[in-house]
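What Swiss-Prot says about this protein:
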BINDING   Arg78, Arg103, Asp130, Pro131, Met132, Leu133, Ala134, Thr135, Ala136, Asn137, Ser138, Asp199  5-phospho-alpha-D-ribose 1-diphosphate binding site
BINDING   Ile193, Gly198, Asp199, Ala200  uracil binding site
Amino acid sequence: MGVTVVSHPLVQHKLTIMRKKETSTASFQRLLKEISLLLCYEVTRNLELTTMSIETPLMPMEAPVLEGKKLVFASILRAGNGLLEGMLDLVPAARVAHIGLYRDHDTLQPIEYYFKAPEDIVNRLVIVVDPMLATANSAIAAIDKLKERGATNIRFLCLLAAPEGIERFTKAHPDVEVFTASIDERLDEKGYIVPGLGDAGDRMYGTK
């Protein structure tokens, strides 16, 4: 399905401020919510529309509305919740799935500790959100789980991606399109994206 890099000037400006090491936790949270609104606009750009009959204060008309499968936003905990908040502001009727994964710092492999998703996920477009696509291990594991539950129409949204992660992800799930604000240089020896922005979860919540 490929990779879409969202190059909108506002996205790039806000991402630069988020990258700065002196950006406070409060500012990081605010910027993450703002950028999630802009990224949500892009990842939902080609949703299908139909028309419905309405009446304006002046006259009846046929007006465009969303058609087809309803949305699920699937957040990879914990950092995914930062993107989720802004997206739900735009699409408050979307259902939500939570996928609890943490990365073993020695093996870099994901360990699942929680999974909760709507029962009718097979009938919905699922947009998986996680700020970082680094090794891609967590993203691959999350989408493996969603497919096990019947999801067939999936997109993945992140702030930053590493070339290594994109390569692994697209090989594992070639049917899932990736949307990101930036493809950075590489992964370091600890599996972090560089130049990156640090650990998104720690910067969101002020933890180490």
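Including glycine, each Cβ sits where the backbone N, Cα and C put it.
Computed from a predicted structure; not experimentally measured.
Features per Swiss-Prot, on structure.
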residue	record	contacts (Cβ under 8 Å, 6+ apart)
Arg78	5-phospho-alpha-D-ribose 1-diphosphate binding site	Gly201, Met204, Tyr205
Asp130	5-phospho-alpha-D-ribose 1-diphosphate binding site	Ser75, Ile76, Ala79, Gly80, Leu83, Ser138, Ala139, Ala142, Phe156, Leu157, Cys158
Met132	5-phospho-alpha-D-ribose 1-diphosphate binding site	Ala79, Cys158, Leu159, Leu160, Ala161, Ile193, Gly196, Ala200
Ala134	5-phospho-alpha-D-ribose 1-diphosphate binding site	Ala161, Ala162, Glu164, Gly165, Leu187, Gly191, Tyr192, Ile193
Ala136	5-phospho-alpha-D-ribose 1-diphosphate binding site	Glu164, Gly165, Ile166, Arg168, Phe169, Ala172
Gly198	uracil binding site	Lys21, Tyr192
Asp199	uracil binding site	Tyr192
*asked:* Given a 10 Å Cβ-Cβ cut-off, pick out the one of the binding-site residues Ile193, Ala200 that has the most other Cβ atoms nearby.
replied: Ile193
*In the same chain, outside Ile193, Gly198, Asp199, Ala200, whose C-beta lies within 8 angstroms of the Cβ mean position for the uracil site?*
Pro131, Met132, Leu160, Tyr192, Gly196, Leu197, Gly201, Asp202, Arg203
_In three-state DSSP terms, the structure that Ser138 (5-phospho-alpha-D-ribose 1-diphosphate binding site) belongs to_ = helix
_In the three-state scheme derived from DSSP, which category covers Asp199 (uracil binding site)?_
coil
*In DSSP terms, helix, strand or coil for Asp130 (5-phospho-alpha-D-ribose 1-diphosphate binding site)?*
coil
_DSSP-derived class (H/G/I helix, E/B strand, else coil) of Arg78 (5-phospho-alpha-D-ribose 1-diphosphate binding site)_ = coil
_Applying a 10 Å Cβ distance cut-off over all chains shown, what neighbour count does Ser138 (5-phospho-alpha-D-ribose 1-diphosphate binding site) have?_
26
*Taking the residues Arg78, Arg103, Asp130, Pro131, Met132, Leu133, Ala134, Thr135, Ala136, Asn137, Ser138, Asp199, which the record names as binding 5-phospho-alpha-D-ribose 1-diphosphate, find the longest CA to CA distance and state it in Å to the nearest whole number.*
17
*Can you see whether DSSP assigns Ile193 (uracil binding site) to helix, strand or coil?*
strand
